[in-house]
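> Have a look at the structure that comes next, please.
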Amino acid sequence: MPELDSSFFPTEVLLFDPISSKHIKTLSEAHEDCVNNIRFLDNRLFATCSDDTTIALWDLRKLNTKVCTLHGHTSWVKNIEYDTNTRLLVTSGFDGNVIIWDTNRCTEEGCPHKKFFHTRFLMRMRLTPDCSKMLISTSSGYLLILHDLDLNKSLEVGSYPILRARRTTSSSDITSSGSSGPRAVGSPCHQNDSGPLSEKHMSRSSQREGGSPRNSLEVLTPEVPGERDRGNCITSLQLHPKGWATLLRCSSNTDDQEWTCVYEFQEGAPVRPVSPRCSLRLTHCIEEANVGRGYIKELCFSPDGRMISSPHGFGIRLLGFDAHCSELVDCLPKEASPLKEIRSLYSHNDVVLTTKFSPTHCQIASGCLSGRVSLYQPKF
């Protein structure tokens, strides 16, 4: 298990060989502020985003300069997603905006872009593997799901149909910023003064006969153990590689508890376009160590979806749905069950904030608050 001394500036991007763990290249001053996310678009192009409000595109064949810099966000940019079919880049930031960038028409000046969606308290945004859904988590405890996703259609406030708006464990709907919910900070979507989320926002012209309308919005407050009355903040959001489930890291609004939760997608259209039916069901969960309160911990699924790697204090835990690392679909409980700890790996001297499985190699990486990166490889 090599440990990489990565005492670098937060504005730099470092590239390593996953086999030898050797440091290949440093992109000095890749951004003017902290780099938050790196996403490969193909085998040579990758994108980075930063607290300097920009996104940068890079080419591995010419790393001495950026392909281009993308301007559009007004606050820290935290997430990068990519639709390989349409070659549309999707980013989100703490300005509450989700922006679409057309990399098909990229020049040195940037890419054509448009604001796709906006919500208050946005934390993380993800696309399902087939790009049929967009999930957005918020610091106010809401999870937003855009169903039957069409990235070519910009969404204005009030123009998207609200299919379902409810808590996963009750039949009451989220109806306004004053409704009972995880935090008394208002509903996640900006509303005009005319009223709450309701059927009047349903755009009949956007509905398709016999099915749900494109970009229909579902608003949920996911069930979190121990947080039924106090509220929670959804700090990390990941999706199962086969699109079967979503993985959340949640902390209480007082930062005294932290949970990792898995929610199964319950597919199927509602009986009526606005019927309150929940798309997610809590299947597995585990309480976390809650070391490093206030810091966001990023967790992940393994490439085959059988395991979860989760930051745990000064290390990581490998978690499974059962002790045999079975597929999720083979061990779905009737009621929420504890995740099984397969193994714990501790090698850091500071709080671990992120972990990731390699998509192509038998390897896990973890990074801690002090800037050190550890790579783990199994011994056969």
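Positions of Cβ are set from backbone N, Cα and C atoms, glycine also.
In case it's useful when we look at the structure, here is the feature table from TrEMBL:
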- 28-61: repeat 'WD' (REPEAT)
- 70-102: repeat 'WD' (REPEAT)
- 168-180: compositional bias 'Low complexity' (COMPBIAS)
- 168-227: region 'Disordered' (REGION)
- 204-215: compositional bias 'Polar residues' (COMPBIAS)
> Counting by DSSP secondary structure, give me helix, strand and coil numbers for the repeat 'WD' (70-102).
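Residue counts in helix, strand and coil order: 0 helix, 21 strand, 12 coil.
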> Taking DSSP states H, G and I as helix and E and B as strand, how many residues of the repeat 'WD' (28-61) are helix, strand and coil?
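Going through the repeat 'WD' (28-61) residue by residue, I get 0 helix, 18 strand, 16 coil.
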> Any idea what the model's mean pLDDT is for the repeat 'WD' (70-102)?
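Across the repeat 'WD' (70-102), the average pLDDT comes out at 96.
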